């Protein structure tokens, strides 16, 4: 578990003063000190404040005694929780999730006040943009930690991500640990769920960035309006010092207007990915092209025009590159140096990641995390010019997640691919065939070839083996994920490994034949 090596102690009196409407029981326990915060009793260390939070499946108050046995000195809970046998002081608050972030940041010394924090939200593009920004900061002389889907990492420290944005206590610990080890910046992916659940409350954002918003997570938010309100919190309730907002779509334009209305003196970079923007912007492209080696971009910024020759595949990455340039400008970095950093390889696992094996180059195989209708459509459109033949798309939809997007994902593939193979993508507790049937509903009006192979490994192999020279095969949905969840069983599974295995088999069956079919196109 990533946490600071040295800790400071805070008295319960001081902690209670930092929390609204908190009550200490017993009242004379104010001199007791705590040095950490933890809501998982299994990870409690001596001196911690245990967070007894009631979740959807578990009630934290049932684990208080376990936390006490591991050294917890006090507990944060709501009145009425199961506390009959609790032998340590307790802090009672009306709403634990709301108080959690304030308590954690107070205990860990308000770590984000000592870092330049960049928060990036949006349906698509958060991970790639975060990695681009980290690369820019490091190239310009800073030392950036990163928190997101691919993990929480800084200077050799590496913690797997349980959530895109960690719980508030984990975020405070991670930020404190990175600061202790010399980080100057923290680049965060900020999910809508984290915003709605108040995980990033009390985080001090130097820059808040918005990429885009399309349908996702409606299993959690219920409606697109609620989804949008959650994202808006990053730019209003959390009062960032500056903002970078993509304004090509109505939600982004409205978000920029609300930010300006709330914080008229705070710098704003409005971004368009269009060569001829439809509204006033600070950052926009002057020229865009791509080939099989990457994306070329000339952009105008408030600091002057710059050129980027990025190895990233996919025209949609123009949006991510422009957002990274905008963030660099808002951070006060040299935009030309930022463009130099963006022209170097910035590996982002599972984001249009090309999978190759020696001696097999007559088809192109790409693995991508695209798991929303918009991401699939944009990814497929972006790769259309990278091969001379057909586009295959192997994809599915997650079980126990937003069911409303399944037919939309089918329709997106039907409109942009030539051949679709519908397969499993973490079906979890749902019937895989029912998920596939919902996807097929969106493919019914398409005239492309459609196959169903629920075994994902077999689906990948079928596409790779059946592809003709010049074809491009996109394996979408899982990206970097090294697992497949079927029922309640999580098994090792990596799309990239399966693709390379299938490519090796293709090479062997074809006697190491390779052809010149793949040619870059602008």
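Quick reminder: no glycine exception, Cβ is built from N, Cα and C everywhere.
Because TrEMBL annotations are produced automatically, they should be read as predictions rather than curated entries.
As annotated in TrEMBL, motif 'Meso-diaminopimelate recognition motif' covers the listed stretch 425-428 rather than the other ranges in 425-428, 429-432, 433-436, 437-440.
TrEMBL names 425, 426, 427, 428, 477, 481 for binding meso-2,6-diaminopimelate. Of 401, 501, 506, 507, the residue it gives for the same site is 401. Outside the motif 'Meso-diaminopimelate recognition motif' (425-428), and at least 6 residues removed from its termini, the chain residues within Cβ reach (under 8 Å) are 371, 395-401, 435, 456, 477-478, 481, 483-487.
Nearest Cα neighbour of residue 124 (ATP binding site) among the listed binding-site residues (401, 425, 428, 477): 477. Sequence-distant contacts of residue 428 (meso-2,6-diaminopimelate binding site), defined by Cβ-Cβ distance under 8 angstroms and a gap of at least six in the same chain, are 398, 399, 400, 401, 485, 486, 487. Counting only the Cα atoms, the space from residue 128 (ATP binding site) to residue 427 (meso-2,6-diaminopimelate binding site) is about 25 angstrom. Annotation note: residue 231 (N6-carboxylysine) sits in a helical segment as assigned by DSSP.
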